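Per TrEMBL, GTP binding site is recorded for R13, R63, T94, K155, R258, I259, R260. The [4Fe-4S] cluster 1 binding site annotation in TrEMBL covers C20, C24, C27. Here TrEMBL flags Y26, G67, S118, M189 as S-adenosyl-L-methionine binding site. The [4Fe-4S] cluster 2 binding site annotation in TrEMBL covers C253, C256, C270. According to TrEMBL, the domain 'Radical SAM core' annotation covers 4-229.
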Amino acid sequence: MKDKIGRKIDYIRISVTDFCNLRCIYCMPKEGIAKREHKDILRYEEIITILKECVKLGINKIRITGGEPLVRKGIVDFISMVKEIKGIEDISITTNGILLADKAFALKAAGLNRVNISLDTLNPKRYKMITRGGDIDKVFAALDTSLKAGLNPVKINMVVIRGINDDEIEEFAKLTIERPFHVRFIELMPIGEGAKLGSESVVESDEIRAKVERIGELYPSKDVKNNGPAVTYRFKNAKGTIGFINPISHAFCSQCNRIRLTADGKLKPCLYSQKEFDIKIVVRNHPELLGRILEEAILSKPERHGFYSKDMNKSQRNMYQIGG
């Protein structure tokens, strides 16, 4: 289905929980969040019902997010349920990697195609600071195990923050040379905890790219599965790729192909808009209206996000509640 300005919407990002086992400084409050009651979040069966209606509208790609999706019980079985839906062509997940090493093979067997692992530093001490206590060795193990399990591609998401990890850009880029890792440099977004860091913490993609090019010339690359906004490149003869996701400096709204479903059952046409549709009430009480609500949500997508617009009706949710 196309939205009101002709963008083809074929991708849905589904947050299965807003709980996380880390407290990253740009995402989660230090004190964490209150646990929701089971009735307040969508059951897996309800998500499957919604997905079947999404397929009827042409959505064929799904990304599972959180919070941290692997902390939710039954996630492997849920992947199997999604895999059984005719019309779903690609299933991916975004995770911090802490629990992934133990689940990678089971997730692959269940039907998971690929994985994005959030990793913002290669320094153990700095990792503990950014995540407020995380064990980076578990993430390194997750990267290795994901490759062995056959998840492909294995992407690394690095949110670049000035004065915190922008001195590691080149080291992350080098990861793509000898091994098939696909690094995505992401501009810090002014949402929730990220907004508290201030606009001065944003490192724009042009600056990031300039640092990457100190290593060598970048060549355009289109041979990696990519449902997102990243513009991808690779070094000559490198096994992996490098991508730049730049929602601030070069907004990609004109190519946006997605809607989002939150763990508490709200359908969001845009990451940064406050506009939401309560699909939980519909799926529980009037499932015959799901298609109509989905169409309405898609047609309501704004033309652009307006991160720094004073007039934009901005989302009051934190990133961990949206799923990125």
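Even glycines carry a Cβ here, placed using N, Cα and C.
The Cα atom of R260 (GTP binding site) lies nearest to that of M189, taking the binding-site residues Y26, S118, M189 as the candidates. Using a 10 Å radius centred on the Cβ of Y26 (S-adenosyl-L-methionine binding site) and all shown protein chains, the other Cβ atoms total 21.
The shortest Cα-Cα distance from I259 (GTP binding site) to any of the binding-site residues (C24, C27, G67) is found for G67. Comparing C27 ([4Fe-4S] cluster 1 binding site) with G67 (S-adenosyl-L-methionine binding site), their Cα atoms are 9 Å apart once rounded. Across the structure, C256 ([4Fe-4S] cluster 2 binding site) and R13 (GTP binding site) are spaced 12 Å apart at their Cα atoms. Taken together, the residues of the domain 'Radical SAM core' (4-229) have an average pLDDT of 96. Across the structure, R13 (GTP binding site) and C253 ([4Fe-4S] cluster 2 binding site) are spaced 16 Å apart at their Cα atoms.
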